[in-house]
Amino acid sequence: MKLIIALAALIVVINAASDQELWADFKKTHARTYKSLREEKLRFNIFQDTLRQIAEHNVKYENGESTYYLAINKFSDITDEEFRDMLMKNEASRPNLEGLEVADLTVGAAPESIDWRSKGVVLPVRNQGECGSCWALSTAAAIESQSAIKSGSKVPLSPQQLVDCSTSYGNHGCNGGFAVNGFEYVKDNGLESDADYPYSGKEDKCKANDKSRSVVELTGYKKVTASETSLKEAVGTIGPISAVVFGKPMKSYGGGIFDDSSCLGDNLHHGVNVVGYGIENGQKYWIIKNTWGADWGESGYIRLIRDTDHSCGVEKMASYPILA
């Protein structure tokens, strides 16, 4: 009996040591510092809870009971509630899409699978940081891809200009916004390059006072009918599309095809880009370009289950720009 207790105690010590090692690596990787020992202890406890959640889920993945796995990332020391609140910064009122021109799509024209990354028209993944600017990054990325498709230009555009300058168009800088509002702003004002108006991750005074510095112009934008069939046709024939999803369940995503029955489309708050779709082992998926940096998910991307009632609402608010 004493031996069993001793072995159990040893396992606890080993697990704790492992957690401590992972914690040290996490803090180094993500340059974490905390204002007090009390705060660090709290964050370490949350980190341990995250580790347990990851381990429990990944057993299901290894046993073939799940199609995706979880991993430690920059969000591993915050609670699910804190992550939700971070995503829920979106103070912008949802735009009325009723009067917006609908994309004229031909059903059946899209290929069975496509990945616009392989065609060289998707620029690198960005990291929004602590600014609620996913909508601005999504707006810029959609325009970048259309520009690359139309003219071969691969100039990174300025989401910071959108953050700083499009408040009068219904956006709220680091507190949220929507791609269609961003497209409307660019249609009227153009958009500078990221080199000329670099991303800072915080809202500032608008510095875009000279439209001649713009490197791209829009004549308009269109919405995609709210169905996954229409979204497939749009992505397959037009290019990467801006979309909005329910992002909370994606916090610890590491890879695979994300299939979570809780990821419904009732609470859309995170701007992304749909850059392709495909099928793996009979399972359909979307290829989503996220805004949480290349160290999250599959090099900054998530493959999201397609043609289900829990595709995170990806089809509900899709739109794309039309270049001049």
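Yeah, the Cβs are placed from backbone N, Cα and C, and that goes for glycine too.
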Using the record from Swiss-Prot, pick out the residue from Cys206, Cys263, Cys312 that is joined to Cys165 by a disulfide.
Cys206
Based on what Swiss-Prot records, which one of Cys134, Cys174 is disulphide-bonded to Cys131?
Cys174
With every protein chain in view, how many other Cβ atoms are within 10 Å of the Cβ of Cys134 (active site)?
27
Winner by Cβ contact number (other Cβ atoms within 10 Å) across the disulfide-bonded residues Cys131, Cys165, Cys206, Cys263, Cys312:
Cys312
Name the secondary structure element type, per DSSP in three states, that contains Cys263 (disulfide bond).
coil
